[in-house]
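> Would you mind keeping the following structure in view while I ask a few things?
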């Protein structure tokens with residue numbers, strides 16, 4: 001469990017028998033936690049440079065992880081989840097569609113932070129925001145320094161309800177829609193892939209190296225969202241929960257929005273020229289939508305500790321993206 005905190009202990013020091021000793025103790029404690037937080041971010045940078053992905057275990061701790069799991073379970077049991085949408089973005093997807101295979105079997109709900117009953121999910125996304133902000137702004141941050149990350153999608157809460165449900169090999173961002181980093185948090189207690197399957201298999205390109213990642217409880221992973229990381233969810237034989245957010249590079253996102261505007265203009269011009277009473281107007285093109293990350297959720301002082309109170313009002317929102 002790691003925290004980077006800016007908590008003001010001034011009043012606490014005033015009520016201790018030995019305020020000077022207490023202040024020194026807490027300063028040292030905060031310094032130690034800050035160093036651990038710095039080490040975490042540095043490890044993520046090194047992993048992304050070398051492997052294109054990074055795995056962080058015990059991200060929030062058991063207590064906060066269970067609160068998130070209970071919240072997600074309530075969402076699912078309320079019937080709020082819908083079937084994941086299908087997008088054929090790889091040749092393997094097209095072949096599966098021709099055969100009639102199901103490309104993805106998960107059920108999902110998009111969470112922006114203003115909905116009732118999502119404060120713990122919002123807490124999670126704030127913590128991930130803090131990590132992303134730190135690794136994107138640290139010195140000597142390697143490939144991450146090539147991007148300017150200030151926006152993300154809403155959180156996609158997903159459930160694979162067992163019975164062999166899966167998601168075939170695909171790429172999150174094959175068309176330069178702006179997404180640069182995929183972050184996934186897992187909520188599955190005592191997961192054993194030998195019995196339950198559900199492995200996330202990432203096949204970085206080029207090469208044939210395969211990374212098999214078990215969806216273990218309180219595990220957070222990061223990987224590049226583009227064609228560098230084709231991946232799949234192998235058949236899951238018990239309920240499997242995950243929460244995913246995608247982070248945008250500002251330049252690529254702006255270019256995607258401009259392309260969408262140009263395509264809309266072309267479609268509207270064609271529709272105007274060909275308009276007849278029985279004609280069908282082409283559907284407008286859309287680019288992935290988002291809203292900026294809030295200053296509160298992107299500050300370097302955000303915590304990675306389950307004991308720090310969450311602030312659901314600071315949870316950034318953005319429109320969903322289906323992959």
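Backbone N, Cα and C atoms are what each Cβ position is placed from, and that goes for glycine too.
Residues annotated as compositional bias 'Low complexity' in TrEMBL: 275-297. According to TrEMBL, the compositional bias 'Polar residues' annotation covers 298-323. Among the features that TrEMBL reports, domain 'Fe2OG dioxygenase' is placed at 151-249. The region 'Disordered' annotation in TrEMBL covers 258-323.
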> What average pLDDT is reported by the model for the domain 'Fe2OG dioxygenase' (151-249)?
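Averaging the confidence scores along the domain 'Fe2OG dioxygenase' (151-249) gives 95.
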> With DSSP helix as H/G/I and strand as E/B, how many residues of the domain 'Fe2OG dioxygenase' (151-249) fall in helix, strand and coil?
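The breakdown for the domain 'Fe2OG dioxygenase' (151-249) reads 4 helix, 54 strand, 41 coil.
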